[in-house]
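Trainee: Structure below; questions to follow.
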Amino acid sequence: MDESIRVRHYLHRHPELSDQEFETTKFVTEKLTEFGYRITTPKTLNTGVIAEIGQGSPVVALRSDIDALPIQEDTGLEYSSINNGVMHACGHDFHIASLLGAAKLLSQNDINGTLRLIFQPAEETHVGAEEVVESGATNGIDAIIGFHNKPDLKTGEIGILPGGLMAAVDQFKVTFNGIGTHAAMPELGKDPIVALSSTITALQTIVSRNIFSHSSAVVSITHIEGGNTWNVLPEQSFFEGTVRTFDEKVRAEIKERFYEVVNYQSRSFGLSATINWITGPDVVDNNVKLTKIVEDETSKFAQVVHPTPSSAGEDFAYFSQRIPSVFVFVGSDGNSDWHHSDLILNDDSLKYGIEWYYRIGLRLLNSL
Ligand SMILES: [Zn+2]
Ligand SMILES: [Zn+2]
């Protein structure tokens, strides 16, 4: 245990940004080699580590992310980051130390099938999971699991939910193309300000009028622009915002209604709208059958809680859309929240991270 805490403190002192985790990659590779793992990292991955032990089927994968954030640490810890402006403010150091701790324990067991470890780069920029899939490193996997530490859960609590655990994150930008004119003679133009106002109001009916009452979703318009003085109607207006959903069906419904509302609204005002839709991470969608097994095993050593889903995004979703998977929250009893410069996690929580990877890895190898 002391060894795992030392490992986490070392990683915490040496955080690296997304897709630049070169020292972390070296550190993890050395440890896994020492534990007897075959290093199988594909050449196309510049950072990140893939390793295996055992052989044949089933193939069970345990995933940890490894990157840090461009944040100046402000914790006052003696193991604070020595890399200026970079901090493990999401606790991915906690994830790496947990998976390395479990890897050591697993290497001392008989493995039924193949255990594959995925130390994934670039979670924060939401490209790493895709890089790993593209590299072929997920080929042949029967089940994949991972967790995120959760500062608002206590040490010993593990949050498990079947279905959507973390939100799909989409972004939109809309421009109304009208005809500018003198404010005193609106009949000579096409007013993009009234069209924008009406559209924003109408978009708020998507969640309240179109989405099933037991589904949850958020449509937020966060930024609007249009015009620059009091007596001229401008040519264009603009708004942007985000949609958060927990179910791919609801996500598709909202996108469809969004396009309809914006297009019909703008047409009703005699002007056109340009929509730029930016698709972000998918829903982290836990496989119902596997989640039952995971919950049963977890309840043997920790306090299982059923958390509310988080409207933050997580690129583990890229795996969960392709491979049966379970993602959970491991309580890390923090003083603050993800991405805060003062976030300190409780070292006592680390043993639950190790135990979770270790026990769930073995259980799945023996039950698939
Ligand atoms: Zn993060
Ligand atoms: Zn994170």
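Placed from the backbone N, Cα and C atoms, the Cβ positions cover glycine too.
Note: TrEMBL annotation is automatic and uncurated.
Note that the structure is a prediction, hence the values are computed from the model and not measured.
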Trainee: Using only what TrEMBL says about Mn(2+) binding by CYS90, HIS92, GLU124, HIS148, identify which of HIS339, HIS340 is listed for that site too.
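Mentor: Candidate in the recorded Mn(2+) site: HIS339.
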Trainee: Other than CYS90, HIS92, GLU124, HIS148, HIS339, which residues of the chain come within 8 Å of the Mn(2+) site, judged by Cβ distance to the Cβ centroid of those residues?
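Mentor: Result: ASP65, ASP67, ALA68, LEU69, HIS88, ALA89, GLY91, GLU123, TRP338.
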Trainee: Can you count helix, strand and coil residues in the domain 'Peptidase M20 dimerisation' (171-264) using DSSP?
Mentor: 38 helix, 33 strand, 23 coil
Trainee: Ligand 1 is in the model; which of the binding-site residues CYS90, GLU124, HIS148 have a C-beta less than 6 angstroms from one of its atoms?
Mentor: CYS90, GLU124
Trainee: For HIS92 (Mn(2+) binding site), just give me the three-state DSSP call.
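Mentor: Helix, per DSSP.
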Trainee: Compile a sequence-ordered list of residues in the same chain as HIS148 (Mn(2+) binding site), six or more apart from it, whose Cβ lies below 8 A from its Cβ; state 'none' when nothing qualifies.
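Mentor: HIS148 (Mn(2+) binding site) has long-range Cβ partners CYS90, GLY91, HIS95, GLU314, PHE327, PHE329, VAL330.
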Trainee: Can you tell which of HIS92, HIS339 has the least company, meaning the fewest other C-beta atoms within 10 angstroms of its C-beta, among these binding-site residues?
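Mentor: With the binding-site residues HIS92, HIS339, fewest surrounding Cβ atoms within 10 Å: HIS339.
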